[in-house]
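*Asks:* I have a structure here, written as C-alpha cells, and I will follow up with some questions on it.
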C-alpha cells in the first residue's frame with residue numbers, strides 16, 4: 001500500500017533506539033528529550049488514525065509541563081478537547097515500543113482493530129512549548145501526520161490548554177469559540193471585563209497581580225493577552241523566560257513543593273502572587289504575611305473559592321442545579337470538611353489523575369475539580385448552560401435573578417472547560433475576588449489547612465503497591481495498610497495514604513495531622529513502613 005511506503009521511508013529518519021520501552025502515563029509520554037524523536041513521529045501517525053476513526057480534528061501537544069528543561073513529552077487531545085481514551089493510550093504505548101521492523105504490523109493492527117477507513121480525511125492540530133527540543137520534536141509529529149496523508153495545522157508556541165481549546169472550537173464548528181490564539185484571548189478577556197465592569201471602586205492595588213511565568217510558554221502568552229484586558233488587570237511578570245531556565249527554582253510545582261516564593265519574585269506583605277507551571281495548565285496563589293510568613297493557596301483553596309461563588313450565584317438566580325467539588329486523596333482534610341459541613345456542597349473523591357477528576361465532574365450539572373497541585377477547571381452540563389442562558393436573556397426576570405444569571409453566563413465564557421488552564425483560572429480567581437470584594441488574606445482565611453507532608457520512597461518496583469477506595473487504602477503488599485492504620489491512630493486529626501508514582505519507581509507518601517511536627521513524624525513512620533514492606537532501595541528514610 002502506497003501510504004505505508006511513506007511511513008517506512010520517514011520512519012527510517014526517526015528510528016527507535018533498540019530495546020527502549022516507554023509508557024503512556026497520566027500525562028502522556030515524558031522522558032529525556034533525546035529519547036523521544038521516534039515517539040513523536042509515531043504519535044503523529046496515531047493522531048492521524050485517531051482523526052480518521054473519530055472523523056474529527058485531534059490535537060498533539062509537545063510538552064513536559066513542570067519537568068526539567070532537558071525533558072520533553074507528548075500528549076494527544078481528543079475531539080472535545082479532553083484527554084485521549086484509555087484504549088488509545090494503550091495503542092500509543094504499543095506503537096511507541098514497536099521495534100523498527102514491527103512498526104507497520106503494529107500500525108495495521110490498530111487499523112484493523114478499530115476498523116479505520118484509510119480513505120477518510122484526517123486533521124491534526126500540533127502545538128509545542130518553549131523547550132529547546134520542542135522545535136525538532138514537533139516537526140517529527142508533523143512528519144508522522146503527513147506520512148499517513150493527514151492534514152495538519154501547526155500552532156507553534158501555545159500553552160497546553162490553548163491547544164485543547166483550539167481542538168474543541170474546531171470540532172464544535174466554532175460554537176465553543178474561534179480556533180485561533182486571538183480568538184482565545186478575545187473570548188476570555190471579554191468575559192473577564194464583563195464580570196468586573198460593575199464592581200464598585202476597584203483600586204489599582206486590587207487590580208495588581210504578580211505572576212511567575214515559570215520561564216515557560218505561559219509567560220509569553222499572558223504577555224500577548226495583556227493588551228486585551230484593557231488595564232482591568234495589572235500584571236507584573238517575573239520569570240518571563242528572557243534569562244532564567246524553565247521550571248528552575250520557579251513555577252507552580254516548585255512553589256507548592258518547597259512552600260516558598262519562586263526565585264526573582266520580590267513580594268511585599270499582602271501582595272497577591274500566582275505561579276504557572278511550565279505549560280500553563282496549573283496555577284497556585286500565595287502571599288507573604290506581615291511577619292514574612294509564606295502563605296500558599298493551592299488547588300483546594302481555589303476549588304473552595306470558585307465553588308462557593310458559584311453556589312451563591314445559583315441561589316441568587318433561583319436555579320436548581322446540582323454543584324459538586326471533585327477532589328483526590330491529596331485534598332487537605334480541612335477543605336473537604338469545610339465544603340461538606342459548612343457549604344453543604346457535594347464532595348466526590350477520585351483516583352489521582354486529571355482524567356478521573358474530569359470524568360467524575362461530568363456527572364453533575366456543575367462540576368468543580370482541582371488537584372491540590374493547582375490543575376483544574378469547572379465543567380457545566382449542556383442543560384446547565386442552557387438554563388443559565390435562558391434566564392440571562394429573559395427580560396421578565398427580576399433584576400437580582402437576572403444579574404446573577406448574567407454573572408454565571410460570563411463565568412461560563414471565562415472558563416476553559418476542556419482542561420486546567422492557568423490563564424483562564426487566574427482570570428476567574430481575580431474576577432471572583434473582585435466581585436466579592438475579598439483580599440487574598442480573606443480568601444486564605446475561609447478555612448485553615450491541616451499541616452501536611454509529602455515524601456517519596458524509592459522502591460525496586462512500584463507495581464507492588466495496589467490501592468483501592470480512590471487510592472486512600474492499600475490492598476498490597478500484605479500488612480502495609482494495617483501498618484499505616486496503626487501509625488495514624490497515634491496522632492490527632494491524622495490521615496495518611498501511599499500510592500505508586502505514575503512515572504517513576506517511587507511510592508508517594510502523604511500525611512496530615514493537627515501539627516506540622518505530627519504530620520512530619522507520621523510521614524516518616526509511614527515511609528519506613530513502605531521501605532520495609534514494599535521493597536525499598538537505597539538508604540532507609542531518615543526522620544525529617
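Using the three backbone atoms N, Cα and C, a Cβ is placed for every residue, glycine included.
Since this is a predicted model, take the numbers as computed values, not measurements.
TrEMBL lists these features:
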{"type": "DOMAIN", "residues": "52-89", "note": "domain 'Alpha-D-phosphohexomutase alpha/beta/alpha'"}
{"type": "BINDING", "residues": "65, 277, 279, 281", "note": "Mg(2+) binding site"}
{"type": "ACT_SITE", "residues": "65", "note": "active site, phosphoserine intermediate"}
{"type": "DOMAIN", "residues": "114-167", "note": "domain 'Alpha-D-phosphohexomutase alpha/beta/alpha'"}
{"type": "DOMAIN", "residues": "179-284", "note": "domain 'Phosphoacetylglucosamine mutase AMG1'"}
{"type": "DOMAIN", "residues": "298-436", "note": "domain 'Phosphoacetylglucosamine mutase AMG1'"}
{"type": "BINDING", "residues": "371, 372, 373, 499, 500, 501, 502, 503, 508", "note": "substrate binding site"}
{"type": "DOMAIN", "residues": "475-527", "note": "domain 'Alpha-D-phosphohexomutase C-terminal'"}
*Asks:* Measure from the CA atom of residue 279 (Mg(2+) binding site) to the CA atom of residue 371 (substrate binding site) and give the result in Å, rounded to a whole number.
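*Replies:* With distance taken Cα to Cα, residue 279 (Mg(2+) binding site) is 16 Å from residue 371 (substrate binding site).
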*Asks:* If you skip the near sequence neighbours and keep only those at least six away, which residues in the chain come within under 8 angstroms of residue 500 (substrate binding site), Cβ to Cβ?
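*Replies:* Within the chain, residue 500 (substrate binding site) has Cβ neighbours under 8 Å at 462, 463, 465, 467, 506, 507, 508.
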*Asks:* Other than its own, how many Cβ atoms are within 10 Å of the Cβ belonging to residue 281 (Mg(2+) binding site)?
*Replies:* 32
*Asks:* Looking at the domain 'Alpha-D-phosphohexomutase alpha/beta/alpha' (114-167) and the domain 'Alpha-D-phosphohexomutase C-terminal' (475-527), are there 3+ C-beta pairs under 8 A, with each pair at least 6 apart in sequence?
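*Replies:* Stretch pair does not touch.
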*Asks:* Rounded to the nearest angstrom, how far is the Cα of residue 373 (substrate binding site) from the Cα of residue 279 (Mg(2+) binding site)?
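*Replies:* Between the alpha carbons of residue 279 (Mg(2+) binding site) and residue 373 (substrate binding site) there are 14 Å.
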*Asks:* By Cβ distance under 8 Å, which residues at least 6 away from the ends of the domain 'Alpha-D-phosphohexomutase alpha/beta/alpha' (52-89) in the same chain are close to it?
*Replies:* 24, 27-33, 36, 39-40, 43-44, 46, 114, 116-118, 120-129, 131-134, 137-138, 141, 145, 160, 163-168, 170-172, 214, 217, 245-248, 251-253, 277-279, 281-282, 354-355, 358, 417-419
*Asks:* Using only the residues recorded as binding substrate (371, 372, 373, 499, 500, 501, 502, 503, 508), report the maximum Cα-Cα distance in Å, whole number please.
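*Replies:* Per the listed residues, the maximum Cα distance equals 18 Å.
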*Asks:* Name the residues of the same chain, 6+ apart in sequence, whose Cβ is under 8 Å from the Cβ of residue 373 (substrate binding site)?
*Replies:* 252, 253, 256, 282, 284, 298, 299, 330
*Asks:* For residue 371 (substrate binding site), what is the secondary structure by DSSP, using just helix, strand and coil?
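*Replies:* Note: residue 371 (substrate binding site) is coil by DSSP, not helix or strand.
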*Asks:* For residue 277 (Mg(2+) binding site) and residue 502 (substrate binding site), determine the Cα separation and express it in whole Å.
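*Replies:* The separation of the Cα atoms works out to 19 Å.
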*Asks:* How many helix, strand and coil residues does the domain 'Alpha-D-phosphohexomutase alpha/beta/alpha' (52-89) contain under DSSP?
*Replies:* 7 helix, 14 strand, 17 coil
*Asks:* Of 277, 279, 371, the binding-site residues given in the record, which has the fewest other CB atoms within 10 A of its CB?
*Replies:* 371
*Asks:* On average, what pLDDT score does this prediction assign to the domain 'Alpha-D-phosphohexomutase alpha/beta/alpha' (114-167)?
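*Replies:* Reported value for the domain 'Alpha-D-phosphohexomutase alpha/beta/alpha' (114-167) is a mean pLDDT of 98.
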*Asks:* Does anything in the same chain, at least 6 positions from residue 502 (substrate binding site), have a Cβ under 8 Å from its Cβ, and if so what?
*Replies:* 25, 26, 27, 352, 353
*Asks:* Report the DSSP secondary-structure composition of the domain 'Alpha-D-phosphohexomutase alpha/beta/alpha' (114-167) as helix, strand and coil residue counts.
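*Replies:* Each residue of the domain 'Alpha-D-phosphohexomutase alpha/beta/alpha' (114-167) counted once, the result is 22 helix, 13 strand, 19 coil.
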